[in-house]
């Protein structure tokens, strides 16, 4: 699943120690030696703006179309700005009756995935970053390799498995697959966070009379909160966006997740005139929570994927 | 296969005969939940798939007949089937071209971010982030709308520029279908590449670059002898990840096929497996193709995994 769960990849580094392509820029890259060549710099700036506009255009077009009535969208000349737009499309999609069940389905699956994935991955991360044990290396290797496995290479077998367990079209069935698909990356991501909290801190607590568990719960755990939040958001996004496994396991119309629900609009567009305004409103509703969460978590994800390669 | 065995080996580790201290067994207890779910959801299917790929599993088996064990017959059938080779070649070509284009644009974008004024850079970063954050299915609906042959904005603009694109169907011809798919995948993947390379570029010290410039090094020379060597590790890993990810573009292809194109002419490995398994219930052949995809991915991933292991050791 890793296909959407496509993003797959690696660790979060100990907080702050590595360069992160976070949004807030560090500002130290003002352009070095280029500052003297004014005209060139302005030309580059113009190119930069044009490229930004091109890249963001599909997102803008989604929002723009979602606000326009179908009559306007059906005209041969495109309407570039949503003047005179309304939220009617959103209302229509919302009251269409299929959105809320899909939303419920997606939310349930995503929450189950987040909770169990965090729990399992946290324990696993603890094992590999706080203990040296026989088989540790094999475990780390397995974690790294599994996260690269494509959903497409396994979905037929998972379909048969869930069929034999009577869990096709069930929330639990899909969640099991999602947890397994996300746990490896989450272990790897949390490993970095756990390793970032020095064991000395815990030992100091133990000298002061706490038990090992107490020391862990009172000292290390609070320091790990940001890591757990980031990993949780990551797991949520994967489960929320996943398409491939859902397509195979949830073939019943009454058990669609949001991506499958959206796909229904695409399929319909092949055969009959589509109300693109509503489709874009639907897409917007699926995308908004993701965009918000994503902005929150992305810095950690990139740095995790390539942290080994960037020399800190 | 290997992976799963490793996990299996992990699950019931040769527990040191009655650990003396409680602490000895703790790590094993900690990894049990993770291992259990991995074995259930990945390990078992993998083993099933491996066995099934060596059985004949057709319609009669659907009605309860026990499958016949045929060893590697399915693989022989598969690899003597010219259609399979067409799909493999298509997948590899799509994957390599897309990865190369993504890397080229991503690198240029990172260099651009590095060269422009802060305000321009932030504008660039925000639009890249928005593109990156789009859920893949939502992105596909938008792109389907952009290229819609009746009312899509792309055709309108091209027609407005005096070209004849009125009612042009971009998905009808396989070559144009894959071009569209490539554009979409590149659009989605460039942000990750650009951000990662930009992060690498911030590692290049401005002092060194300025010194080189004072010594008369041209931009191309600075790029070639200073910047590229420093960011080479990042470039290598990102290229590898792109190749691996582009090999398994299922969602995008599937959703473009939905809009109308002949599936057999546009199948890549992922959609081919789907068609074999879900479409025609030929689980044996679907399993054989799946195993092939897994082996290919693991082989490609090996370099990535090795570099990550090094990080674990440090």
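Note that Cβ sites are derived from N, Cα and C of the backbone, with glycine treated the same way.
Sequence annotations record features per position, and here TrEMBL assigns domain 'ABC transmembrane type-1' to B:88-304.
Among the features that TrEMBL reports, region 'Disordered' is placed at B:1-23.
What TrEMBL records for B:28-51 (among others) is transmembrane segment.
The transmembrane segment annotation in TrEMBL covers B:91-112 (among others). Same-chain neighbours of the transmembrane segment (B:91-112): 124, 128, 178, 181-182, 185-186, 189-190, 192-198, 200-201, 235, 238-239, 242-243, 246-247, 249, 268-269, counting only residues six or more beyond its ends whose CB sits under 8 Å from a CB of the stretch.
If you look at the transmembrane segment (B:124-146), the same-chain residues 6 or more away from its ends with a CB under 8 A from one of its CBs are 109, 112-113, 116, 152-154, 180, 184, 187-188, 190-192, 194-195, 251-252, 255-256, 259. Annotation comment: TrEMBL describes B:124-146 (among others) as transmembrane segment.
Here TrEMBL flags B:177-201 (among others) as transmembrane segment. Sequence-remote contacts of a segment are chain residues at least 6 beyond its ends whose Cβ falls under 8 Å from one of its Cβ atoms, and for the transmembrane segment (B:177-201) they are 90, 94, 97-98, 101-103, 105-107, 109-111, 113-114, 125, 128-129, 131-132, 134, 136, 139-140, 143, 147, 170-171, 227, 230-231, 234-235, 238, 242, 245-246, 249, 252-253, 256, 261, 265-266.
The transmembrane segment annotation in TrEMBL covers B:222-245 (among others). Tertiary neighbourhood of the transmembrane segment (B:222-245): same-chain residues 95-96, 98-99, 102-103, 106-107, 189, 192-193, 196-197, 199-201, 203-204, 208-209, 212-213, 297, 300-301, 303-304, 307, selected by CB-CB distance under 8 Å and a gap of 6+ residues from either end.
According to TrEMBL, the feature transmembrane segment maps to B:283-305 (among others).
Proximity of distant same-chain residues to the transmembrane segment (B:283-305), defined by a Cβ-Cβ separation under 8 Å and at least 6 residues beyond the stretch ends, is recorded for 1-3, 46, 49-50, 52-58, 61, 67, 74-75, 77-78, 84, 236-237, 240-241, 243-244, 247-248, 269-270, 272-273, 276-277.
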